[in-house]
Number of protein chains: 2
Amino acid sequence: MSDHQQQRTSSPPSLSGDALPPLEQHARQYETVRNAHETELIEDYVELIGDLLRHRGEARAADIASRMAVSQATVSKMIRRLNDLGLVTSKPYRSLFLTEEGQKMAETSRARHNVVLHFLRALGVNDSTARIDAEGMEHHVSDETLAIMQRFTEQQNS
Amino acid sequence: MSDHQQQRTSSPPSLSGDALPPLEQHARQYETVRNAHETELIEDYVELIGDLLRHRGEARAADIASRMAVSQATVSKMIRRLNDLGLVTSKPYRSLFLTEEGQKMAETSRARHNVVLHFLRALGVNDSTARIDAEGMEHHVSDETLAIMQRFTEQQNS
DNA sequence: CATGATTGTTAGCCAAGGCTAAACTGTTTG
DNA sequence: CAAACAGTTTAGCCTTGGCTAACAATCATG
Ligand SMILES: [Mn+2]
Ligand SMILES: [Mn+2]
Ligand SMILES: [Mn+2]
Ligand SMILES: [Mn+2]
């Protein structure tokens, strides 16, 4: 099929599915995704540290490493970054703590994560699948969509 | 844990929101996300190349660069990777084409992308927001969730 | 209180995915 | 048909986020 293959047997000129979005808009889609990827891991770390602090009272590098399924060296390096970003405070060989800013990020990340997770469950997705999907999706859900998801979930549970 | 600090004062055992998932499951969440990130960009390139071929008859590096809002050098490097992966064929200074395998990937990516996009619109999300969110979310939606989204969308449009 | 186990850090490696600058090719056009 | 221009490639750089191996600190325990 050098050109067009059958495609419908008798179709008029252009029946090639949805059109391409205008260039500017299309570009903005990919840019937004790239931006999300820059903060994604940071958010997951901060959120996890917050959760460990809330549930365990402390957040050790070793716990983060096993929860994230990543080496301790990787965690150690990332902790320095979080420190440089002013999100955590860490004395060597001691538990981590979140700065004010880190706490704020942890809360908003956790809130968003929960909205997505509960939405997926309300949609009918199996819990463990919902958890996996939410872990990735959360970073790519706009505020607009988030609000709609929340409304949907509330409506469903009533 | 050396010290614990206060940590509880007087509250009943656990009032710290949802519990942490069991370690194995939690680790699997992050692993799945990392895996998705490995193939994500590849899929977007292949999908875009497929769309350009369908809509324009050819896929030039310059078009990809402007659509992705990325430098031509970046595209050129990525094309070599796609070539090495057996997803595209490319003669220097000529338009790209998809291999069989590339076409298969383009189709399944496009199909999944569309399910997510149409689902978001059916949910009530504004079109341009839906496009942005779908571009990121698509790579983190399991088959299970995808099927549910599709059913939801169909049901909504009837 | 010495010592082994656990935990944390550092050094050095790698691949992916960006970038700019410079060189090269192909096409258009005066 | 020679330039000029547009498109493509290459070289070299950078950051992120992984890894392993070696070393260092802390903690538990006999
Ligand atoms: Mn999260
Ligand atoms: Mn996440
Ligand atoms: Mn896509
Ligand atoms: Mn995408």
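Positions of Cβ are set from backbone N, Cα and C atoms, glycine also.
Pulled from TrEMBL, these are the features on record:
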type	residues	note
REGION	B:1-21	region 'Disordered'
DOMAIN	B:39-99	domain 'HTH dtxR-type'
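On the 0 to 100 pLDDT scale, the domain 'HTH dtxR-type' (B:39-99) averages 97 in this prediction. Taken residue by residue, the domain 'HTH dtxR-type' (B:39-99) breaks down under DSSP into 39 helix, 7 strand, 15 coil.
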